[in-house]
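Read through the structure below, which is laid out as structure tokens, and then see the notes.
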Ligand SMILES: Nc1ncnc2c1ncn2[C@@H]1O[C@H](COP(=O)(O)OP(=O)(O)OP(=O)(O)O)[C@@H](O)[C@H]1O
């Protein structure tokens, strides 16, 4: 346990219940009692999450000054727990005119535990009586910052497993991922030095477009350099935090997390639970304030992570935010060729003709995972049949992968039903020969949708709309096309119907 520094203790001069500065020993003992009260009042979870790093620095002149390591924690305490702290301090020192929470130095390195009274870790031996003579760390604080704790806590900080194939050299670069690739490389190169200019780096994309691949590439580079970095999925973080709470080592967990140079955080969209999110925000702030490097990936940009606390979102959004776009055909081809070359290392006879490669690159547009799946299918097909792989055979082998991503087939009958319901007419009205405005408009909209959402020809659509001529259909299509250019609300209506039919 440390002693409040002389200057901190003596700085307040106003009169009040404690117009004389409280001496270090009394301060430390009183704060320990406050902590016990707060823990009893708020429960272990909340206490361990928020109060472990608060230090009572001074009580004098009717004022108390507490310090915390980050701005985030300060604002959290100010908003949520100032009343509790005020009451706990009042029980020790009588009513105080002002409670001030300040942020301690954000320089790298350990918090200045020696200069203030800190709360004990749960389960730690009670701190010895404080010596007013000089700075000395509490046994609990010493354990938190320098020794790995056993069991669940140690396991929680091992990080998520890395796939050794996911490196920068196996990542294929194209138009849609060039920026994300370059930024991730910069983060990897800046390790150990100052944080890159665009920290935190936030990478987002739809599934399977290479976020994890890039993040793990950064982690491999860090590992090769022997830097203190950790790759964590949101799931692993949540497991680690809950395990640490259960093992009553959450403060040590947080200390360890904040001692790293680089946090690589994947699948941020899965972060759930208020306490856990708050902890993540807390760790994030501590790292960023200390100039550490942070890289985060999610399936959407920070602002769209609705489940995340507003403050975490905005903190994530202050650095560089990069989207990986859909893989275009040349990039799909590069990924396929690289995969085939890797497969050949395991099975030397394996190859795909340029025609098959082109067919796969053209047909599988979804993502890297499906491209990988396609190569595995074709490899298995070749191994099992021993026959040369034609485009026709390849089509059969990967048919389900292609189908899974084809746009939903829309039926003319469904269009007619939906449009009729939307305009409050019957399907029979749409198919009838009635020419009143109330029926003509829905009929024309339905014909337009049939032409744009299905592969049917004009004559076939005419037949399906009560045996009309194809010129009638063409007229309807042109008319709705023209109207949607000038009439915004009709355009919205048609777009909505389209979305409803395609979902
Ligand atoms: N540009 C690329 N070069 C090489 N492989 C790629 C590329 N993009 C994606 N892949 C491969 O596609 C597969 C899926 O990629 P990854 O897991 O990185 O996607 P993700 O964006 O993290 O997806 P999710 O959102 O589902 O987590 C991996 O095997 C990865 O190696």
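Any Cβ shown, glycine's included, is placed from N, Cα and C.
The ATP binding site annotation in TrEMBL covers 208, 210, 211, 212. The number of other Cβ atoms within 10 Å of the Cβ belonging to residue 211 (ATP binding site), over all protein chains shown, comes to 23.
Here TrEMBL flags 197-322 as domain 'AAA+ ATPase'. Broken down with DSSP, the domain 'AAA+ ATPase' (197-322) shows 66 helix, 23 strand, 37 coil.
TrEMBL lists 411-480 with the feature domain 'Chromosomal replication initiator DnaA C-terminal'. With helix defined as DSSP H, G or I and strand as E or B, the domain 'Chromosomal replication initiator DnaA C-terminal' (411-480) counts 51 helix, 0 strand, 19 coil.
Per TrEMBL, the feature region 'Domain I, interacts with DnaA modulators' maps to 1-115.
The annotation region 'Disordered' is assigned in TrEMBL to 128-148.
Per TrEMBL, region 'Domain IV, binds dsDNA' is recorded for 383-503.
Within the same chain, residues at least six positions away from residue 210 (ATP binding site) with a Cβ under 8 Å of its Cβ are 171, 177, 180, 324, 368. When the binding-site residues 208, 212 are compared by the number of other CB atoms within 10 angstroms of each CB, 208 has the fewest.
Neighbours of the ATP site: apart from 208, 210, 211, 212, residues of the same chain with C-beta atoms within 8 angstroms of the site's C-beta centroid are 205, 207, 209, 213, 214, 297, 324, 367, 368, 369.
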